[in-house]
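Visitor: Structure below; questions to follow.
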Amino acid sequence: MMMMMKMPWRRKSRSFHLQLQGAIGAIQSPFLFLFTNYCHSSTSTHEDARFLTNNFKSASFTRLHDAIASFNHVIHMNPLPSRVHFNRFLSALVKMKQYHTVLSMSKTIELLGMSHNLYSLSILINCFCHLHLVDFGFSVFGKMLKLGLEPDVVTFTTLINGLCIESKIEKAVEFFDDMVARGYQPDVYTYNTIINGNCKFGKTNVAIGLLKGMADRGCDPDVVTYGAIIDALCKDELVGEALELFSQMRNKGISPNVITYTSLIHGVCKLGQKNQALALMNEMVEQNILPNVYTFNVLIDALCKDGMVSEAQNTFNVMIQRGVEPDVITYTSLIDGLCISDQLKEALALLKEMVGRNISPDVFTFNILIDTLCKKGLVSNAQNIIKIMIQRCVEPNVVTYNSLMDGYCLCKQIDKARKVFDLMVINEIADIFSYNILINGYCKCKMIDDAKEIFDEMSHKGLVPDAVTYHTLIKGMFQAGRPQNAKELFKDMCSHGQQPNIVTFSIMIDGLCRQGNLDEALTLLKEMEKSQLKPNFVIYSSLINGMCKVGKINDAKELFSSLFEIGLQPDVCVYNAIMKGLCQQGLMDEAYKLFKDMEKVGCLPNNCCYNIIIQGFLKHEDLPKASELINEMVDKGFSGDDATTELVVHLSQNNNLILRLLKVRNERSAN
């Protein structure tokens, strides 16, 4: 009877009800509350009923099941609880993030003929916004205005947040401006919502403008306001501006929180300022702000990537001492750092410790170890790690298999690498890196036709060769004595939209010079200069070597001298190239002068330098000079290569003093 008396209200609100019904229908809520299901069960005692009523009115429940039971009880009461009680109850469900349930219950309440008020409609708007249905939220907002209810700042803030959630940031700013134009005064929560939204979508300047506007409206920013902008500035690598804002924040008496410090630490780490990051961490601790696991992870990862593994381990120890539990990211970063610094045993020990703490390694953790083992040629150990990985139900991915392929190629086990590759192709997980690894492996094994076959197969699989693919195969063709194929690949690369870079030209010019095609190499140099690419020292070394090879020593000397004229300081490779040429031409005085001039200009001779100049003197049977340089070479920690030793052995038939000298020096160096 009560429902029939209140039916006229239901008819008046029909359009709003249809909007809600449409939304709830789209959501497919599992909770459609049928009054008849509850009835007045004979098992429900008076005490149970009182408990359910009190539970509803106080909204003191933690389980959804209890809330539903209470709701199903009170909707059969006569009289019904007030709208205030229903609103408090629904608000509690919103805090539990039961948005679908709230919408379904609101529909039931409406069917009971209970009028909406500002608070109940605001609850609906909030639910729609959290469910990414902001348009429905605006429908409710329109209904609110039609009913003559005055929306408050919270309503506007909720809708602004809904727009931001759905990435409609321009509309959010527009609605914010409309709110201000209507005479509403945004509070700090409104500003934080719109500022955070702009920061998330890279509109940091808009956010800073809004921050400045807060002061004009007499609204004080808080730690959340500053934190959002500081985080955005750090992500944009504008750390200087972030630090200025950080100082401004503290000058206003606003204490930074862990999120703000973490953003700054992340920002300075990205710029390589590890000492400043450590200083910020110490400052946090002094301010009694406990860094969380994310803060520690950011710093540990940055230190490891920068090779500061001992500092990372110290930070890890501080983390443990302060009771912050490490997670999989912490251990993975440390394992990566240890692998990079060639501390494989320590990395494996850390894996064991990680498992001992019941922290499951993920695919990234395993891949780091597998890749390191493969690069060291310990492929069988890597296979054991993969077995452990599978036993722990961690699925190997394309990176895992690529590392294994690379390991086989490094060990010259090309057949095993091919088996892994074929398996990847069958399972359709082979990527461009897989093809590049196998092509490189075939080239290293001088199986150039197999490499070309894999290259041709790429296009059939819909994969476009990248610069690395072309570089690997072009270099392989030159090394196989097939310059024509290399040149064809270079043309193919250009015609398929792959712009040659400095590495491409270096490989081509070096290959042509080694084949004695100096003119073609110089032509390519001109093409390179036209494309506004500046030659590097690798190219200059190749050209000098090429000139010397065809007997153009004067051209080589001229090119070498020109480097100083254009303001370039030749590196050790360039010096080696010109010295080798001078020695081959018997110009030992010039070669020796150049050798001695190196240190004067700050270019220290390396092992290769000493062997070139020593071999030069040995070939011209200047044994005293060769002996003097052998002494000097070994004193500096270098040693004779096979070619030097072979020359000494050959000359020892006439003078065994130098052989004894080299032998003694090498033994001393080894000890």
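Note that Cβ sites are derived from N, Cα and C of the backbone, with glycine treated the same way.
Pasting the feature list from TrEMBL:
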type	residues	note
REPEAT	187-221	repeat 'PPR'
REPEAT	222-256	repeat 'PPR'
REPEAT	257-291	repeat 'PPR'
REPEAT	292-326	repeat 'PPR'
REPEAT	327-361	repeat 'PPR'
REPEAT	362-396	repeat 'PPR'
REPEAT	397-427	repeat 'PPR'
REPEAT	466-500	repeat 'PPR'
REPEAT	501-535	repeat 'PPR'
REPEAT	536-570	repeat 'PPR'
REPEAT	571-605	repeat 'PPR'
REPEAT	606-640	repeat 'PPR'
Visitor: Can you check how the pLDDT averages out over the repeat 'PPR' (501-535)?
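Guide: Across the residues of the repeat 'PPR' (501-535) the model's pLDDT averages 91 on the 0 to 100 scale.
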Visitor: Grab the same-chain neighbours of the repeat 'PPR' (397-427) for me: Cβ-Cβ under 8 Å, and only residues 6 or more beyond its ends, written as numbers and ranges.
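Guide: For the repeat 'PPR' (397-427), the nonlocal Cβ contacts are 363, 366-367, 370-371, 373-375, 377-379, 382-383, 386, 389, 433-434, 437-438, 440-442, 444-445, 447, 461.
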Visitor: With Cβ-Cβ distances below 8 Å as the criterion, list the same-chain residues six or more beyond the ends of the repeat 'PPR' (571-605) that contact it, or say none.
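Guide: Distant contacts of the repeat 'PPR' (571-605): 537-538, 540-542, 544-545, 547-548, 553, 556-557, 560, 563, 612-613, 615-617, 619-620, 622, 625.
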Visitor: Excluding the flanking five residues on each side, which residues at least 6 beyond the ends of the repeat 'PPR' (362-396) place their CB within less than 8 Å of a CB in that stretch?
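Guide: Residues packing against the repeat 'PPR' (362-396) from afar: 328, 331-332, 335-336, 339, 344, 347-348, 351, 354, 403-404, 406-408, 410-411, 413.
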